[in-house]
Each structure stands twice: as structure tokens, then as C-alpha cells.
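According to TrEMBL:
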- 56-626: domain 'Cytochrome oxidase subunit I profile' (DOMAIN)
- 26-52: region 'Disordered' (REGION)
- 6-24: transmembrane segment (TRANSMEM)
- 73-95: transmembrane segment (TRANSMEM)
- 123-153: transmembrane segment (TRANSMEM)
- 165-188: transmembrane segment (TRANSMEM)
- 219-245: transmembrane segment (TRANSMEM)
- 327-344: transmembrane segment (TRANSMEM)
- 351-371: transmembrane segment (TRANSMEM)
- 383-401: transmembrane segment (TRANSMEM)
- 422-442: transmembrane segment (TRANSMEM)
- 454-477: transmembrane segment (TRANSMEM)
- 497-519: transmembrane segment (TRANSMEM)
- 539-563: transmembrane segment (TRANSMEM)
């Protein structure tokens, strides 16, 4: 009954907040200002929206509208980010001040504060496990991709909604239930899962192995199974929508780089998540039904297991076949968002559009071939290790192409240093830092010595944590006016950026030195080792203080996000003067996205600062015949094609809202 009540209350709150209170208030947008691109809705056009649901439950909770679902993903992702980062702050306090008594936390943590007033070691391992799982899967995968793929794909390709609104709704609620199961695991009497976010056997295949290996790990497996189903449903929807529902004139060569990124991310997830699903399913069989997929006659606590024929390395292969594509599942959406923001706020075309698309396709392909570099110390054949090392270093090439194109786009641009632009620049900085350390770890000779040290922790927090979270935040600052009809406070946005950017470098950069010195990860305390306690004790305390700075900066964002939703300045139709189609839809979000016909597309999305143009941006739906003063010779040749586009009849899929 308790869980049912929590589910209902959370569902109502997420549905209400995700729609934005500002959407329910009258006078959304600037009073008296007409929609300049969609100058009104005729009675006939109003018929387009007659199928909009009027029930509160169907409209705001179990909604099939892609915009509402995107905001539901965002609110849920922000909640999980608060939970995940709070856990990290708690175990950083333990690492920085291992002798500090935490009796003041007993009312919250209860029995996880032991009799000596310190954090229980078993709970420390549980917090590390839950932090990794929550941040990687629930925040950086579902939160980032679920928010912006849902909200932007139909708007940017000119579609009424996703290909299947019901499937879209189902994907979110599978994710929500998975979240609830994982959250419940934190409060189990037998202890939360504490075998690491990778859930390696044999530790996690034997229910009696550790305190959290019993019911806690079973909850973890159930939650991950539900989460994977959610991602598969969403991925199928994204791919189908991009392929089938593009508006007239929207060829693949005219797609914004954001849509390319979301599309390729969905391809990655659709091909890799089933492998993880099979891995955790076989793990469940070993735990519950006595099978031997991962277990053999190992000696545990002096006794041989009654299993034969299993191999725990099989799980590692299955897990990391998803695990490394997962890196790019969280990176590609952030990089796509950055591409869009760079072009808009540098007021110039993105440099090397085709090279950017080719690099993302190359990353998508190579991501499936490099999983073995996580297993250099697992005893694999050295020749196989050299192949994985070569492929790992090769994947740096398309990544370097993206960095070069970002820096070239910045060169001589008319840069507007908005919060989202600062976060995008910070993202590129983290991508360079993490990429360089990735080259070091890609070399098997070095990786064998640095494996499972703080050097690895620093690397993937720069690449996955820094890049993806900055992409998430940049996207929120950029599309917040479109989502909620209000502007976020730019001053608070700048404070948030500088506190977070400086804090992340202070937090993770020293970990490289600790890793080279031999600091192993996942240790509860280092007080047993004199050189670690005496030489690096101060550095651990410094890192903990940097973590407090990061969390303080994020509190600024939370205040800005929710305050602006109610009291922020009302947003104009196109506050950033961007070219993509989402800014042509009415400022008041509507069912079906556009009144009447969907605008056709005549040009690519990055026509900024064209010589001779009246303004420094030309939206995608403006024909070349309307801009003769700024057309290049080859663009004048496209003018006859505009007549063909305008003569095309709209397909039923564009006429009927979902």
C-alpha cells in the first residue's frame, strides 16, 4: 500500500510539474503579440486540435503528447540527479574525513551509522553502487536522451507527434516503475545492492555472498530489466519517427545535428541494450534457479560451489558490449545539443556539417568494437588485447574531428555568452580532457597498471559525467523558453556554470595523480596505508571540499529552474533567433504542434550570418525565392524545386494529430 501511494503521488506531481504551471496560466507569452510565423488559427485549422485529450489524467499524467513526455523525463531525471549526487557527497565525506563521526546523520541514515558513529562500510559500497547506476542509466541515459529526443525530434523534423504516442507513454512509465523499484532498494531491510554498478559475478550471482547480494541485487536486476524495456520501446519510436515522419523538404541532409545525434543514439541502444538484458536475465537464473551460466566450482569461504561449467568472464563480455556503446549513448545527445547551440550562439554555420554527421556515424559503428579494453586485466589473449587497443585508439579519430569542428565554429564567431553557450564550451573542454586520458587508458600496457584506480574514475567522470551533464544543462537552458514559455535567469545561470565548471576540475583533476600513485577505487577508507593517509590525505579532503562546491552550484540551478517556471520573464517566440522548426510553432504549446499545415523545409538548419541577408538568421521554412539578395549561385538553382515542394499534398500523417 505504501508503494502504491508513493507511485500515485509521484505520478501526479511529475505530471503537474512537467506541464509547467506557467502553461496553465492565462497570457502565456508576451501579451498582445501575435505569433509572427503562425499568425493565428482559423476555425478550420482549429479542427486539427479537436482530438486533444481533456482529462487531467490523460493530458498531464498518462499523456501521449511527446512534449509532456519529454518534460516528464526531465523532471524525473532531475530528481534522480539530486539523489545520485547526494549519495556521492555522502561517500566523499567518508573518504575525505574518515575519522569524522556522523551521529548527526543517524535520524536520516538510521542503522547505516554504526555504533562508533561512522558510516557503515557495507552502506558505503551500496552508495557507490547506487550512485553509479542512478547517474549512468537514470540521469545521463533516460534523463538526457528521453527529455530531448522526445521534445525535439517531432518539432525539429516537422511532425505532429511521435510515430506511436502510446508506445512513447509506455516507455516513460516503464522507466518510472524501474526508478521506483531502484529507489525502494535503498530501504530494504537486507540492505541495498552493493556489488558495484557493473554487478559482476560471482559476487552478485550468489545471494549469500554479501549483505546487499540478497534481495537488494534482485531489486537491481528487476529495475534494470524494466529500464531496458523502456529504452527499447523509446528507441524504436525515435528511429521510426525520424525515418517516416519528416515534413516536406526535410531530407536527411537538412536534419539538424541534434536529430542526427538522437537517431544514432537510438540505433546504439536498440542494438546493445538487448545484450545487457540477456546478461542480467542469466544472472537472475544463476541466483534463483541454480543454473551455471557464470558460476563454476569456485571456492567461496573455503567451500566449493555445486556449479559446473560457468564462466564469470562471459558476463563481462556481455555487460561491456553494452557498457561501451553506453558511453556514446550518453555522449552523442550531448554533442548534438552542443552542435546546435554553437551554431545559434556563434551566429555562424556549424563548421563541417557532413564531417560532423560522418564522425557520429563512425563513432556509432566503432562503439561496438572496443568493449574489450575494459577487460585487459581479465586474462584475455594478448593478441586480442592488441586488436581492442588498436580499435580504441582509432575511435579517437572521429572524436577529434568533432573537437576540431567545434573549435573552428568558435573561430571568429559573434559569440553570445549565454549560460547554454558557456555550458557548451565547458563541454568541449571536458571532452578534450577526458579524451586525452582515454588515449592513455586505451594503451593496454598502461591500462593494466592504472586499471581500477582513481585515474579511471577521473577519466570517465570527465567524459561521461562532465560532458553529458553539461549537455543536459545546456539543453535545458536553451529550450526552457520553448518548454515552459518563460526565460531562466541568466545571472543565476552564469553563477551555476562557473561554480560547476571550476568545481568539476578541482574535484576530478587531482584524481589523475592519485591514480598514478596507486590509489584503488571502491575503498571505504585509506587509513591503513601510511603513504595514502599521510601524503594524499589532504588531497582527499580537498576533493571533498570541491564536491561541496559542485553541489552548491547545482542548488543554484534547482532554484533557477523551478522559480523561473512560475515567475520567470515571459519568453518571446524565438528568443535565440534560431533557424530550426521548433521555433516556428506557436509559443503556446498545442496538440499537434502547428495549426493548419506543417511548414515545409527549403534549406539546411545553419544559415546564419549570410552575406547580404537582412538578418543574421534565415529559418529553414523560408524559401530561397524570398532571400534573393543572399543566395549563392547554387541556391538560386534550387528555386524551381520550391514550386514542387509547395505543390506536394500533405500526407494524412501530417494532417491528423495523434
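The backbone N, Cα and C atoms fix where each Cβ goes, glycine too.
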| message | I'd like to know the mean pLDDT over the domain 'Cytochrome oxidase subunit I profile' (56-626). | response | 92
| message | Considering only Cβ pairs within less than 8 angstroms, which of the stretches 73-95, 219-245, 351-371, 454-477, 497-519 has the most against the transmembrane segment (327-344)? | response | 454-477
| field | the transmembrane segment (351-371) touching the transmembrane segment (422-442) per 3+ Cβ pairs under 8 Å rule | value | no
| query | Between the transmembrane segment (454-477) and the transmembrane segment (165-188), do 3 or more CB pairs sit under 8 angstroms, pairs being 6 or more residues apart? | reply | no
